[in-house]
Amino acid sequence: MSGVVRTLSRCLLPAEAGARERRAGAARDAEREARRRSRDIDALLARERRAVRRLVKILLLGAGESGKSTFLKQMRIIHGREFDQKALLEFRDTIFDNILKGSRVLVDARDKLGIPWQHSENEKHGMFLMAFENKAGLPVEPATFQLYVPALSALWRDSGIREAFSRRSEFQLGESVKYFLDNLDRIGQLNYFPSKQDILLARKATKGIVEHDFVIKKIPFKMVDVGGQRSQRQKWFQCFDGITSILFMVSSSEYDQVLMEDRRTNRLVESMNIFETIVNNKLFFNVSIILFLNKMDLLVEKVKSVSIKKHFPDFKGDPHRLEDVQRYLVQCFDRKRRNRSKPLFHHFTTAIDTENIRFVFHAVKDTILQENLKDIMLQ
């Protein structure tokens, strides 16, 4: 019996040895595969780290209506990403809304300011317009908008409405209303589609976070726009991680205007207070902060007739001399900085002027790369 067992054992040994060898080979293969996967993961992580280091993340900050969204639209136009049909229709809806709401504001302001109609028959046009309501916020169809075009045209020609417009610093009115009313014949056509200039002037408050990615000479850029109204500012902190630079936008022409949110606070003072908080935050010690004093086109016109000294008594110089006003504005923001070791980069801009923004951003891009990405050389 024992002989039979020994014989069976000798027969089984080669089979067991082969099985052990196969198991060992499978284990070696699994180990090699695990090492290969680990190398692939390490390589992927390294590429992602390099991409993150190369990414230029620019945060657009500033009070509401300072021009951040317009600047972002310019980046899209300048860097070749066309607006599709859906976007154009959305801009058309916004423009119709801007015109109707802005005209209603003017009709209401004329009444409250006690300005008489030039032509009494325009009162019925005003009543027709004031009866318009869109509480649901639904898009206004071109055919519907056309019904209001005759009333809008007649009202805009009336000197009473024009006088109310000239006193717009006394109430809240969108800055693009005049442009759109001046172009009403074109915009009122049934087949109207917005031009690039129309798109730049279309005003819709930013809610949430809007991003735009583009590449300049192999360097990836991410530009982030966050709503500037007080109710939206708590969202700013969601965007602070990994930022390379902050472009702080200021509406330089609003030194005689108050906030829409509280109707008391001077808009320029509000911008200065926000800037002071941002520029002195320890989170941004190594972040370049560039000041954009925007709406230069409006500042040029306003300086001629509205004295900044009336609203900022510490102003020294000629309140109707553009260079004096510009110097004062820069000084106001510069004084808010506690850390004087870094220079304050600033530019006067007109966000609706594509060539101006193209020129300014070229300089800003170089500043950002020199200050924050000295290890990256543009090809």
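Heads up, the Cβ atoms here are built off N, Cα and C, so glycines get one too.
For A202 (GTP binding site), the same-chain residues 6+ apart in sequence whose C-beta sits under 8 angstroms from its C-beta are F91, T94, I95, N98, S176, P194. Per Swiss-Prot, GTP binding site is recorded for 65-70, 200-203, 294-297, A351.
According to Swiss-Prot, the feature Mg(2+) binding site maps to S69, T206. Sequence-distant neighbours of S69 (GTP binding site) (same chain, six or more apart, CB under 8 Å from its CB) are K204, T206, V210, D225, listed in sequence order.
Per Swiss-Prot, domain 'G-alpha' is recorded for 54-379.
Feature annotation from Swiss-Prot assigns S-palmitoyl cysteine to C11; the stated evidence is experimental evidence.
DSSP gives T206 (Mg(2+) binding site) a coil state; it is part of no helix or strand. Per Swiss-Prot, the feature phosphothreonine maps to T206.
Residues or ranges marked as region 'G1 motif' by Swiss-Prot: 57-70. Regional average pLDDT for the region 'G1 motif' (57-70) in the model is 90.
Annotated region 'G3 motif' per Swiss-Prot: 221-230, in sequence order.
Across the region 'G4 motif' (290-297), DSSP helix (H, G, I), strand (E, B) and coil residues number 2 helix, 5 strand, 1 coil. The region 'G4 motif' annotation in Swiss-Prot covers 290-297, and the record cites sequence analysis as its basis.
Tertiary proximity for the region 'G5 motif' (349-354) is limited to same-chain residues at least six positions away from its ends with a CB under 8 Å from its CB atoms, namely 67, 70-71, 74, 77-78, 196-197, 200-201, 249, 292-297, 360. Marked as region 'G5 motif' by Swiss-Prot: 349-354.
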Spatial neighbours of the region 'G1 motif' (57-70) far in sequence, C-beta under 8 Å, 6+ residues away: 175, 200-201, 203-206, 210, 221-230, 232, 236, 239-240, 242-251, 259-261, 267, 270-271, 274, 278, 292, 294-295, 349, 351-352, 368
Candidate with sparsest Cβ neighbourhood (10 Å radius) among M296, A351, the listed binding-site residues: M296
Secondary structure tally of the region 'G5 motif' (349-354) (DSSP, helix then strand then coil): 1 helix, 0 strand, 5 coil
Chain residues outside the region 'G4 motif' (290-297) and at least six past its termini with a C-beta under 8 angstroms from it: 62, 66-67, 71, 175, 245-254, 275, 326, 329-330, 333, 344-353, 356, 360, 364, 367-368
